[in-house]
Amino acid sequence: MGSRHFEWIYDHVGHFGRFQRVLYFICAFQNISCGIHYLASVFMGVTPRHVCRPPGNLQNGEIWELSRCGRNKRENTSSLDYEYTGSKKEFPCVDGYIYDQNTWKSTAVTQWNLVCDRKWLAMLIQPLFMFGVLLGSVIFGYFSDRLGRRVVLWATSSGMFLFGIAAAFAVDYYTFMAARFFLAMVASGYLVVGFVYVMEFIGMKSRTWASVHLHSFFAVGTLLVALTGYLVRTWWLYQMILSTVTVPFVLCCWVLPETPFWLLSEGRYEEAQKIVDIMAKWNRTSSCKLSEFLSLDLQGPVGNSPTEVQKHSLSHLFYNWNIATRTLTVWLIWFTGSLGFYSFSLNSVNLGGNEYLNLFLLGVVEIPAYTFVCIAMDKVGRRTVLAYSLFCSALTCGVVMVIPHKHYILGVVAAMVGKFAIGAAFGLIYLYTAELYPTIVRSLAVGSGSMVCRLASILAPFSVDLSSVWIFIPQLFVGTMAFLSGVLTLKLPETLGKQLATTWEEAAKLESENESNSSKLLPTTNNSGLEKTAAITPRDSGLG
């Protein structure tokens, strides 16, 4: 069923009436929980200052020298000088560690002594979570096509609550990691299926703004992480409180209807008609008969039978040299956007000053970034906004590197500008990717970009961990990638005011078309961006 025919229904019952607004805000509220769990490890995985614990059975007269990862027993017990040059015997920290509790009473690191020779276990907390995100987007996207959107929304939301609580009460490190892994899968599954769910209820005229501002609710989750971390300094209580945010949605998600378009795809026409009638009643508009819609869709615009949709593989994104270059550039932008997004957030504790305020501010700037994208992309073009956002991010990374650490306030301000810029780029790349490719591979292009994005989110925590080697390594990586991505973005075609391509020839023509007057075609711009979202299924979002 073509997305153009879907608009026939929206024209009757309303594109974003009261019914759609209620569903939108209910589902968007759950995005807050996703944002919470994606960044909860910023504080839960903090490694405080520590020293090796002395033996519990100290003998009279024994003198021990304690360090971060070891302890030494002096052979000459008569010397009490701080500087000791005599013989001493080294012992491992088999009795655990003493941790500084001024900031956090306990974290996942202190709970299971994930320091020194076990430090690598702490470094896996966030990357393994992001690997679960990658798998969840594929698995639950597939299930939503088979079982329906509504069932998956309920299952993933319930799973977010259950696995979130399970992580808080984990008895050992491996149980904790397993709970977090499954938590990542269901949170990612909700984001993918929830996006498709609300887009299938919203008409073309409102779909771009609605889709972009779903990210704003994710940013609210970041704010709650900062606030809860400031108020609660015990990791398991912190995790449990954050997990309860999903409870309101779990209690009311059973009232959410299935999308009429999934019901139509399953041949459940009467149920779909009931949903459309309810939409019309809530929106105080006249309903429509789906029998007319089905007749239109089956006959096609000229009365012909619809042609069979061909399957396409990843190799089709390398159709020729120009398309291959375009694909690699788009993948690099996806990678850079995700790497920068998570690097800025996870590195907030290393900026100096109050780490809770740092993360809060870096979350706040995301919300105006998405509003900026919605306005600017229809004024100056997608390519221009994307390129300058990437250049701005690269510049601010360089500024952060030259600001002395004692002037940390300036560093935080620069990081906020960088997060604003990378957030704008990240919010735009979904739409821009869809407009760069023809219909036959559009979903595949967005899905492959999403997979590259997940890979970057797995690598971002390792980049932040390298700040222990040199504090500016995250900024160096992100800044370099952002500058390179910005340069290559300028070589991509502008899509503002262009009709969506349906063939490879039309996609290639974007390179050579005159763009001088295209910026005036704003109605075409909106249609192109919005038709895109109707063409993406949950499985497509993860190369399913």
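Note that Cβ sites are derived from N, Cα and C of the backbone, with glycine treated the same way.
Automatic prediction, not curation, is the source of TrEMBL annotations.
Since this is a predicted model, take the numbers as computed values, not measurements.
Taken from TrEMBL, the feature transmembrane segment covers 21-40 (among others). With a cut-off of 8 Å between Cβ atoms, the residues of this chain six or more beyond the transmembrane segment (21-40) that come close are 129, 133, 153, 157, 160, 164, 183-184, 187-188, 190-191, 194, 197-198, 201-202, 210, 213-214, 217-222, 224-225, 238-239, 242, 245-246, 248-249, 252-253, 256, 282, 345-346, 359.
Annotation comment: TrEMBL describes 81-497 as domain 'Major facilitator superfamily (MFS) profile'. For the domain 'Major facilitator superfamily (MFS) profile' (81-497), the mean pLDDT of the prediction comes to 86.
The feature transmembrane segment is assigned by TrEMBL to 120-144 (among others). Same-chain neighbours of the transmembrane segment (120-144): 38, 41, 44-45, 47, 108-109, 112, 114, 151-152, 156, 173, 177, 180-193, 196, 346, 450-451, 454-455, 457-462, 465, 537-544, counting only residues six or more beyond its ends whose CB sits under 8 Å from a CB of the stretch.
What TrEMBL lists as transmembrane segment is 151-171 (among others).
Sequence-distant contacts of the transmembrane segment (177-198) (same chain, six or more residues past either end, CB-CB distance under 8 Å): 20, 23-24, 27-28, 30-31, 33-34, 37-38, 124-125, 128-137, 139-141, 143-144, 149-150, 152-153, 155-157, 159-160, 163-164, 166-167, 170, 210-211, 214, 218, 256, 259, 536-538, 541-542. As annotated by TrEMBL, transmembrane segment applies to 177-198 (among others).
TrEMBL lists 210-230 (among others) with the feature transmembrane segment. If you look at the transmembrane segment (210-230), the same-chain residues 6 or more away from its ends with a CB under 8 A from one of its CBs are 16, 24, 28-29, 31-40, 42-43, 191, 194-195, 198-199, 202, 238, 241-242, 245, 345, 356-357, 359-360, 362-364, 366-367, 370-371, 373-374, 423, 426-427, 430-431, 533.
Beyond its flanks by at least six residues, the transmembrane segment (236-256) meets 23, 26-27, 29-30, 32-33, 36-37, 40, 43-44, 106, 111, 150, 153-154, 157-158, 160-161, 164-165, 167-169, 197, 221, 224-225, 228-229 of its own chain at Cβ-Cβ distances under 8 Å. Taken from TrEMBL, the feature transmembrane segment covers 236-256 (among others).
For the transmembrane segment (323-344), the list of distant contacts is 317, 362, 386, 390, 393, 415, 418-419, 422-423, 425-426, 429, 433, 436, 445, 448-450, 452-457, 459-461, 463-464, 474, 477-478, 481-482, 484-485, 488-489, 491-492, 504, 507-508: same-chain residues at least six beyond its ends, Cβ to Cβ under 8 Å. Annotation comment: TrEMBL describes 323-344 (among others) as transmembrane segment.
The transmembrane segment feature in TrEMBL is assigned to 356-373 (among others). Same-chain residues lying 6 or more positions outside the transmembrane segment (356-373) and placing a CB less than 8 Å from one of its CB atoms are 39, 42-43, 212-213, 215-216, 218-220, 222-223, 225-227, 229-230, 344-345, 348-349, 385, 412, 415-417, 419-421, 423-424, 427-428.
The transmembrane segment annotation in TrEMBL covers 385-403 (among others).
Within the chain carrying the transmembrane segment (409-432), a Cβ under 8 angstroms from the stretch's Cβ atoms is held by residues 208, 211-212, 215, 219, 330, 333-334, 336-338, 340-341, 344-345, 347-348, 351-353, 358, 361-362, 365-366, 368-370, 372-373, 377, 382-383, 385-386, 389-390, 392-393, 396-397, 399-400, 403, 446, 449, 478, 482, 495, 529, 532, all 6 or more beyond its ends. Marked as transmembrane segment by TrEMBL: 409-432 (among others).
If you look up TrEMBL, you'll see 444-463 (among others) marked as transmembrane segment.
Taken from TrEMBL, the feature transmembrane segment applies to 469-490 (among others). Only residues 6 or more beyond the boundaries of the transmembrane segment (469-490), in the same chain, are considered here, and those with a CB under 8 A from a CB of the stretch are 329, 332-333, 335-336, 339-340, 343-344, 347, 350, 383, 386-388, 390-391, 393-395, 397-398, 400-401, 405, 418, 422, 463.
Under the heading region 'Disordered', TrEMBL lists 510-544.
Through the fold, the transmembrane segment (151-171) approaches residues 27, 30, 33-34, 37, 140, 143-144, 179-180, 182-183, 185-187, 189-190, 193-194, 197, 236-237, 239-240, 242-244, 246-247, 249-250, 253-254, 256 of its own chain, all at least 6 residues removed from its boundaries and within a Cβ separation under 8 Å.
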